[in-house]
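According to TrEMBL, the feature region 'Disordered' maps to 1-24. Annotation source TrEMBL lists compositional bias 'Basic and acidic residues' at 1-20. What TrEMBL lists as domain 'YjeF C-terminal' is 5-287. Residues or ranges marked as (6S)-NADPHX binding site by TrEMBL: 40, 111, 162, 228. Positions annotated as AMP binding site by TrEMBL: 199, 200, 201, 202, 203, 227.
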Ligand SMILES: NC(=O)C1=CN([C@@H]2O[C@H](COP(=O)(O)OP(=O)(O)OC[C@H]3O[C@@H](n4cnc5c(N)ncnc54)[C@H](OP(=O)(O)O)[C@@H]3O)[C@@H](O)[C@H]2O)[C@@H](O)CC1
Ligand SMILES: Nc1ncnc2c1ncn2[C@@H]1O[C@H](COP(=O)(O)OP(=O)(O)O)[C@@H](O)[C@H]1O
Ligand SMILES: [Mg+2]
């Protein structure tokens, strides 16, 4: 891959202005969750909070608001009209667009499910939002279901597929994806103009011209919800002004480091996604200690 520049080190953390306040550090809006997957929204919100965002709003189906709010009082909840099963539907769109209208960064997709209405909802949010957006999980599945050529909407996009989601997007088997992680991710980034974060051991981050292969992380992170934490973390970094490629590289590094620090204290089998979000505090300590 002679035309791709390899990045060996993750970028520096974002500056945190000493006189800054919650209005300075980014307003993140997480559009996620459904009844049965309220945890995806909560974990994504926790990832954004521990990623340093000034304000984190979770715009979630009305039926799960109390559940998500009870996980973490620092989250602001925005109830979105839902269907009888607690999923986004056609009437969710206008309130969701209002919720993201002042966002510095948006996460779209974790835990929203894959019914036709939620797919259409994803399409409409993607088309409308011109700011930086992290598309994860069922957000990716919704776009994949429409088949190529893919349009991820007008603004900067970070796509965070695991190999199963990437397989749905590319039409290749998981085995093929895993056998060509770097080239497949580069090709997809070139085709779409998005930053691709192909997750799994050795997460690959590329914008089609630059390539970073993450070296932090461990198999303790193979537990439900760790990817949701990553999506929120990436949005927090975008909201603090990082470019989408730098946010993706730094975020993958920090997330894996939090996983390594969690495993060192709690063991790989014992750690869960909530711990990972908490251990972002320790990971920040390490990377901020390495600065200057
Ligand atoms: N608490 C909550 O509310 C949570 C809610 N969540 C929500 O659940 C929804 C479904 O998302 P999901 O990722 O669980 O299912 P899905 O897209 O079918 O992918 C699974 C398949 O992909 C593959 N695969 C994955 N990783 C791989 C790897 N590293 N390396 C290789 N293969 C890999 C693997 O394929 P296999 O190897 O089994 O053939 C596996 O079978 C979604 O909305 C999400 O946000 C979750 O976030 C959890 C916490
Ligand atoms: N063996 C591993 N080594 C390093 N990181 C891993 C490993 N297994 C999983 N991860 C990381 O854990 C996260 C899992 O994300 P994802 O599959 O979306 O989970 P979920 O949807 O349950 O939140 C990704 O960031 C992935 O890179
Ligand atoms: Mg996921």
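Placement of Cβ uses the backbone N, Cα and C atoms for every residue, glycine included.
Known features from TrEMBL, placed on the structure.
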| residue | record | contacts (Cβ under 8 Å, 6+ apart) |
| --- | --- | --- |
| 40 | (6S)-NADPHX binding site | 32, 33, 110, 111, 137, 225, 228 |
| 162 | (6S)-NADPHX binding site | 199, 200, 227 |
| 201 | AMP binding site | 217, 219 |
| 202 | AMP binding site | 181, 213, 214, 215 |
| 203 | AMP binding site | 197, 213, 214, 217, 252, 256 |
- Task: Let me know the DSSP-derived helix, strand or coil state of residue 227 (AMP binding site), please.
- Result: helix
- Who are the chain neighbours of the region 'Disordered' (1-24) in space, where the CB to CB distance is under 8 Å and they lie at least 6 residues beyond its ends? 52, 54-55, 182-183, 186, 206, 208-214, 237, 240-242, 246, 249-250, 252-254, 284, 287-288, 291
- Message: So if I take the binding-site residues (40, 111, 200, 201, 202) and measure from each Cβ to the nearest atom of ligand 2, which come out below 6 Å?
- Response: 200, 201
- Residues close to (6S)-NADPHX site centre defined by 40, 111, 162, 228, Cβ within 8 Å: 32, 37, 43, 44, 109, 110, 136, 137, 224, 225, 227, 231
- Per-residue pLDDT averaged over the domain 'YjeF C-terminal' (5-287), given as an integer: 98
- Which of the three DSSP states, helix, strand or coil, fits residue 203 (AMP binding site)? coil
- Listed in sequence order, residues not in 199, 200, 201, 202, 203, 227 with Cβ within 8 Å of the centre of the AMP site Cβ atoms: 162, 163, 198, 204, 214, 217
- Message: With every protein chain in view, what's the tally of Cβ atoms within 10 Å of the Cβ of residue 228 ((6S)-NADPHX binding site), excluding that atom itself?
- Response: 32
- Note on the structure: Here the 10 Å Cβ neighbour count for residue 200 (AMP binding site) comes out at 19
- Message: Neighbour count, 10 Å Cβ-Cβ cut-off, for residue 199 (AMP binding site): what number do you get?
- Response: 24
